[in-house]
Amino acid sequence: MKKFFLAPSILSADFARLGEDTQKVIDAGGDLIHFDVMDNHYVPNLTMGPMILESLRNYNIIAPIDVHLMVKPVDNLIPQFAKAGATFITFHPEATEHIERTLQLIKESGCKAGLALNPTTPLNFLDYILEKLDLILLMSVNPGFGNQSFLPSTFNKLRQVRKIIDKNFLDIILQVDGGVKLDNIAEIAFSGANSFVIGSGLFKYSNYDLIIKKIRKELKHAHSRSIH
Ligand code: DX5
Ligand code: ZN
């Protein structure tokens, strides 16, 4: 079965017990830790900086950390997040003057690079840089807050990006972020995503093991639907 990457968004974790809560979702089966960085400028909210990521590494969180930068400008923060222990760094094309330069900076700092597209950001931002991407993130809500509703227009966009990736025989992770829940994850996977950011849809439950087991079961259904 093809690999699906579950990316718990610690934006919905208990910030007073961040290390413990992060370890708990990894133990329950999370693959990547999704780390949302907001600056009250590119998006109307303020969250975490590189110091907090470094604290998680010092707490012995060894899972890959997927940093989603919702900040403008982007470039200054890249070496800081890389040094703090980021694995992936994803940014929004509207937040940087020179997309290709920002991608180069991420690669030079030793991280994998992702591009995040807002619900109305056109796909032609992928032209010319596709081969340089390790991850494409499709926002299925407007960035800035957890616990918003999934925008159904994302399904069509997902199918289009999946076609572009496959047509070019590329091994790019296609990630969806916003409003992912147990009851829509199968449809999202069936539309072409293979990584799922899940915040409130996971952290609102007390038993992470149980909810992740249920999610995996849903993903299995999506997989068998796609091969029949
Ligand atoms: C929104 C963030 C998301 C958020 C998702 O701007 O990028 O990662 O945490 O949260 P849920 O899963 O609650 O929609
Ligand atoms: Zn995010």
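Heads up, the Cβ atoms here are built off N, Cα and C, so glycines get one too.
What TrEMBL says about a protein is an automatic prediction, not a curated fact.
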Subject >> Residue among D171, D177, D183 sharing the divalent metal cation site, where TrEMBL lists H34, D36, H68 as binders >> reply: D177
Subject >> Rounded distance in angstrom between the Cα atoms of H34 (divalent metal cation binding site) and G144 (substrate binding site) >> reply: 14
**OP:** Based on DSSP, name the secondary structure state of S200 (substrate binding site): helix, strand or coil.
**Re:** helix
**OP:** Can you tell me which of D36, H68, G146, D177, our recorded positions, come within under 6 Å of ligand 2 at the Cβ?
**Re:** D36, H68, D177
